[in-house]
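A.B. asks: Quick one: this structure, given as structure tokens, is what I'll be asking you about.
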Number of protein chains: 2
Amino acid sequence: MTDSPATPRRRGAARTEELLQATLDLAAEAGYAGLSIEAVSRRAGVGKHTIYRRWPSMPALLLDALNRAWTSDLDYRDTGDVRADLREQFLRSGLALSSPPIGPVYRAVIAEAQADSALRATVHERFLATVEQSTLDRITRAQRTGELVAEVNLEFAAEVLCGALYYRSLLSTRPIDEDAVDGLLDMFMAAYGTGG
Amino acid sequence: MTDSPATPRRRGAARTEELLQATLDLAAEAGYAGLSIEAVSRRAGVGKHTIYRRWPSMPALLLDALNRAWTSDLDYRDTGDVRADLREQFLRSGLALSSPPIGPVYRAVIAEAQADSALRATVHERFLATVEQSTLDRITRAQRTGELVAEVNLEFAAEVLCGALYYRSLLSTRPIDEDAVDGLLDMFMAAYGTGG
DNA sequence: TGTCAACGGCACGACCGGTGCCGTTAGGGT
DNA sequence: ACCCTAACGGCACCGGTCGTGCCGTTGACA
């Protein structure tokens, strides 16, 4: 075969990166359906062993791929206006959750997690709980600056805010648009805002 | 073979009921994993054709099974105390969602729906939107009786309430216990309650 | 009593998961 | 510069499911 210089044939650990990228590419093209270890191995021109040597199962590979795709954008800005910061972050997250490659991969992980409670715990810990905590940090800061009422436990509020987003993007068919985010924030600010 | 009188061998349309029940039984025993058309056919002592003649795919069968299991309990009570009524209904729904057979079947449907947007729309329309509407009806009634502030669009609030429940039961690993429901209702009543 | 559709059983091809084997190759150690 | 070893790609295999086709049987209704 013509050994094209662009593909130096094989590697050791950099192959891991290539496999994650191949998974994301495949997800972006074929969606959740067609995401399989066989498909990834074919797509990457790789023996299945090369994948199984790195990840014990498809969900493990998907988790790492998701982690790679979800570069930054996890932290809220802090402009001093908590409602504006939440709004911006929710719209950004909503867009990411509904676009490839994050959307299809997230769906695939959620689907697999329905059959495996251990995986469900891992997903929640590694992604959902992280987002909840980040949200809780931001609104707790707003509580300290007086934007939100004091003496209220905001833990459930953070979960409800995130839950509404993920419910809409993963279980509903409606988009996370400005109306939805504004409606959600209306309720949140009506409950805990200090009027201002 | 000994033709036991308890099993009169075959039927025409009542077989559909038996198949739905077999699906629910199987879900209660084996959980989502192991829910397959082959498994249902074995469990019911039935040829696969008998299933495919009634439902085009596994998700279709699951939807009907879910519909059968979800007998009533869909409507809120109306005692005049909206918070108490919501609380009772949320706890009841949370229990149903986390117990067999509804829990496993619901998980299976959600998993399949991640790969099929048409199915996702059907699930949302047939179950989620129904629950949202029922919730909206109840809180709109409370709005008219003065328990909730007027001149506020409660559509998003109904979705947020339901979204929080389904997020917790399907995507999170935390139980829908009294603390969770009370936290959710604290936020809702703080936002839209009339103080009382 | 006869007819016909529904039925249970079986087999098939296609696909995927996960494992084993085999000959090749890249990269680190000497 | 060489060699040795582990990673690699390719292939075959087994067990499982999906969806379909074909068979002979059976039950319900005319």
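Cβ coordinates are placed from backbone N, Cα and C, and glycine is handled just like the others.
The structure displayed is predicted, hence computed values, not measured ones.
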A.B. asks: Which one of B:16-35, B:36-55, B:56-75, B:96-115 shows up in TrEMBL as DNA-binding region?
C.D. replies: B:36-55
A.B. asks: In the same chain, who gets a Cβ under 8 Å from the DNA-binding region (B:36-55) while lying at least 6 residues past its ends?
C.D. replies: 15-16, 18-19, 22-23, 25-26, 30, 61, 64
A.B. asks: May I have the DSSP-based helix, strand and coil counts for the residues of the DNA-binding region (B:36-55)?
C.D. replies: 13 helix, 0 strand, 7 coil
A.B. asks: I'm checking region-level scores; what's the whole-number mean pLDDT for the DNA-binding region (B:36-55)?
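C.D. replies: 95, rounded to a whole number.
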